[in-house]
Structure formats: C-alpha cells, structure tokens
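Student: Sharing the feature lines straight out of TrEMBL:
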- TYR49: active site, proton donor (ACT_SITE)
- 77-228: domain 'NADP-dependent oxidoreductase' (DOMAIN)
- LYS78: site 'Lowers pKa of active site Tyr' (SITE)
Amino acid sequence: MATFVRLSTKAKMPIVGLGTWQTPLDKVKEAVKVAIDTGYRHIDCAYYYCNENQVGEAIQEKIQDKTVKREDLFIVSKAMEEQVDAGLVKAIGVSNFNHIQIERLLNKPGLKHKPVTNQVECHPYLTQEKLIQYCYSKGITVTAYSPLGSLSRPWARPEDPFLLEDPTIKEIAAKHKKTAAQVLIRFQVQRNVVVIPKSMTPAHIAENFQVFDFKLNDEEMRTILSLNRNWRAFDGLFLSHLEDFPFEAEY
C-alpha cells in the first residue's frame, strides 16, 4: 500500500497516484482498474480530461467486486467550497497557482476552506523548490503532475529535453537497479511531494508503484535537484495574455 501525506484537514492523501490526463477513452477504464488492483488508492481526474465517466465506471466495478471500499479511495476531481460544506468532498485545492496567487486566496475575505494542495508541474528540470517551501509554510501540500516530463504531450518539440533519458537519472537508476521513471517518482516521494504519473500500460502502472523498497541518499537527492533548469513541458503560453497567468512570477 502506498504511503500517505496528512493534509491540513487531517485527511490522508496517498503520496503516489494515477494520472489520467490524455488517457484515451478505450484505455482509461482498464488502466484505473489495474491501478486499483495494484494497490493505488489515489486517482487524479478532471472534467477537462473528458474521461470521468470511464474513470467512475472503473471505480464502481472495483467497489462492487469488493477490491476496495469507496472510503479507501482518494479521488481528485475539481470542486468548490460548497461541496465541502455539503460533505461531498474531503478537501479542496488549487492548480498552477504561484505564491502570489495563493497569498491572495488565503487573504480572501470570507474564505471558509483554505486549499490543502497545489497541483503543479514538477520534475528534476522544474524542481519548484521555492514554491514547495512556500506552500508547506502555509500548510499546503504540493502535488506533482508530469513527474516524468510529460512524454506524450502533442506539442513537444524535437529540441525539448527528454527527462527519462537524462544520463544522471539513468546512472542513479542503474545503481539502484531501478528504472529512470522509478527514480523520478521516488525523488518526489522523498520530498514529501504527492506524485501522479500517468500510464495506461499494466506493466508501467505496476512499475510506477514499486518505489517504496529503495531510498535515494542525500547526495543523489542533491544531484537530482541540481538538474533544475526551470523548463516547463506545459508553458501555457496560449494563456499568457491573461491577467492571472501564473508562470511569470519567480515561484
């Protein structure tokens, strides 16, 4: 079973989850079922992903066959304060917020439920150290999306860096007899950052979950952190004209 982080609401959030963004409709249901069978108890989904029905069907089937109980699952969707008041969700969070936007939200008059997590792109090429430190100082957990560098993004350019082929990551992986993906996930786990790698392949789903039987030493963690180049797979430039575009701030 995955380890958990304790949210400010006291709810437990599994530190490794399954990402479902860009997983095709004909693949996502089986991927979620395989993940639950493997031991995942954290599924990340959203209306924007256009596959929530299939994710829900997979969860329902695994509840019905008694593989898991609903209360054992941490399902990340996108909801609002009213849903907390109604008892329909355990906690709410934000995504892609910089520290200025979080500060503005925390100081919002009448705020009833402060965000418990900030879901942001995070990997060794975008380590987000200052943002993570800020969030934790406010009792906000950080969730890392695209922890493997978002290999399947359709807008990738030939000159973009390929994180899974980084020689430093591969060298560390070989030392531990692990894959590069497992090292990238373990890197976040040891930072107490929740991590949601996406996969639709049963073997990779299982592989991504096998990160609790080894540990990176302090030197390896420092080495991985030194790879930071503030590179984003999701630069969001098509939104850069918006007043609240989040990626212009330092963190």
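Yeah, the Cβs are placed from backbone N, Cα and C, and that goes for glycine too.
Note that the structure is a prediction, hence the values are computed from the model and not measured.
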Student: Give me the count of other Cβ atoms within 10 A of the Cβ belonging to TYR49 (active site, proton donor).
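Tutor: Its Cβ has 17 other Cβ atoms within 10 Å.
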Student: On the 0 to 100 scale, where does the mean pLDDT of the domain 'NADP-dependent oxidoreductase' (77-228) fall?
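Tutor: Value for the domain 'NADP-dependent oxidoreductase' (77-228), mean pLDDT as a whole number: 94.
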